[in-house]
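Some features that Swiss-Prot has for this protein:
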- A13, Y14, S15, G16, G17, L18, D19, T20, S21, A40, G121: ATP binding site (BINDING)
- Y91, S96, N127, R131, S182, S191, E267, Y279: L-citrulline binding site (BINDING)
- T123, N127, D128: L-aspartate binding site (BINDING)
Amino acid sequence: MSKTKDVKKVVLAYSGGLDTSIILKWLQTELGAEVVTFTADLGQGGELEPARKKAEMMGIKDIRIVDVREEFVADFVFPMFRANTVYEGTYLLGTSIARPLISKHLVDIARETGADAIAHGATGKGNDQVRFELSAYALNPDIKVIAPWRDWSFKSRTDLINFAEQHQIPVAKDKRGEAPFSVDANLLHSSSEGKVLEDPWSEPPEFVHQRTVSPMDAPDKVTEIEIEFLKGDPIALNGKKLSPATMLAALNDLGRDNGIGRLDLVENRFVGMKSRGVYETPGGAILIVAHRAIESITLDRGAAHLKDEFMPRYAELIYNGFWFSPERLMLQAMIDKSQEDVEGTVRLKLYKGNVMVTGRKSKKTLYSDALVTFEDDRGAYDQKDAAGFIRLNALRLRTLAARNRKG
């Protein structure tokens, strides 16, 4: 607590949920600090106005709700998708990629308002505390960060609910009148954790899924779409030009209706433990398939393979909170260079949780009908050349086999 005793004004990353509402009250009562709330409109939907009303009810005078949807998708989500980024083979990093943007705005507002510190609601067990703070320190090495979960005496959500009741802080309930799961949402994804999901053998109840219909309940008909790309980013859907945020929102709607993007996974947290979550990334699940498809005809083999080699490291940097690190920026420069000629159109069919590529075309294509045809290629490729190619590549293998045969 000693590092916070001189804090007079704090900028709080505020969602309006249980944790950050209690943190708001804690900052007021325990520190006697003036609190500025910052709520990022990341496309999470109906949480924004309730967050404003709750902050007003708790006496906050400076309430910042900032629409960052276009910035989020254009400057964070799309650069990540240029790399086909997946953490541990499955996770599209929907929570991870939002944290550096939130930290950026926290630092900016703290500078603007003359605040002594910023604060967040991430627990001491999770990744988000690392992501928020590494990003903040990368942008302002002298910033003071308050992380109440590491300082206060509360040990559980039950403790928080008891504190909320003592201070007349409204506690949200789910549709069944129970305390909700721990939920994070933005334009890219939604995640649900806690309660019954803490048992990795327990099947997630259907009501946990907030953004997608079950694949079993999706329509018994195919939805066909076309996505146009330029420099690795989607720019048009079914021939209509869309802004980055509008594009992702439209893909989300298509994914939602067709049961696409559900994921139940156990991941390795940066802090060392495993955690289980249920994630929904409907638009992102469509986008990554489409992006790989357009790369398949426009990206050189060597460049594509090198890019794939670096992708796990790039994904790990984002997951662990190093978005503003020099190594992430170095990799981003390489990735962006690779995307200069990644343009064209991909045709997809969406059906009951599946995303199927049915066509791809580009003015920058490297695909040659003349080279791959089973018919007469009119001299485009001399098959006799393959004999020397094989002979040279087999040289070391034959040498090794000859040695081993001698025994």
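Note: Cβ is positioned from N, Cα and C throughout, glycine not excepted.
Features as recorded by Swiss-Prot, highlighted on the structure.
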residue : record                    : CB count, 10 Å
A13     : ATP binding site          : 23
S15     : ATP binding site          : 23
G17     : ATP binding site          : 19
D19     : ATP binding site          : 19
S21     : ATP binding site          : 28
G121    : ATP binding site          : 22
N127    : L-citrulline binding site : 21
R131    : L-citrulline binding site : 27
E267    : L-citrulline binding site : 17
Y279    : L-citrulline binding site : 25
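Annotation note: T123 (L-aspartate binding site) sits in a coil segment as assigned by DSSP. The ATP-binding residues named in the record, A13, Y14, S15, G16, G17, L18, D19, T20, S21, A40, G121, extend over a maximum Cα to Cα distance of 17 Å. In this structure, of the binding-site residues S96, T123, D128, the smallest number of CB atoms within 10 A of the CB marks T123. Residues T123, N127, D128 make up the record's L-aspartate site, and a Cβ search at 8 Å around their centroid adds A122, K125, G126, Q129, V130, R131, R269, V271 from the same chain.
Distance noted between the C-alpha atoms of S96 (L-citrulline binding site) and D128 (L-aspartate binding site) is 8 Å.
A Cα-Cα distance of 18 Å separates A13 (ATP binding site) from S191 (L-citrulline binding site). Taking a C-beta cut-off of under 8 angstroms and a sequence separation of 6 or more, S182 (L-citrulline binding site) has the following same-chain neighbours: S192, E193, G194.
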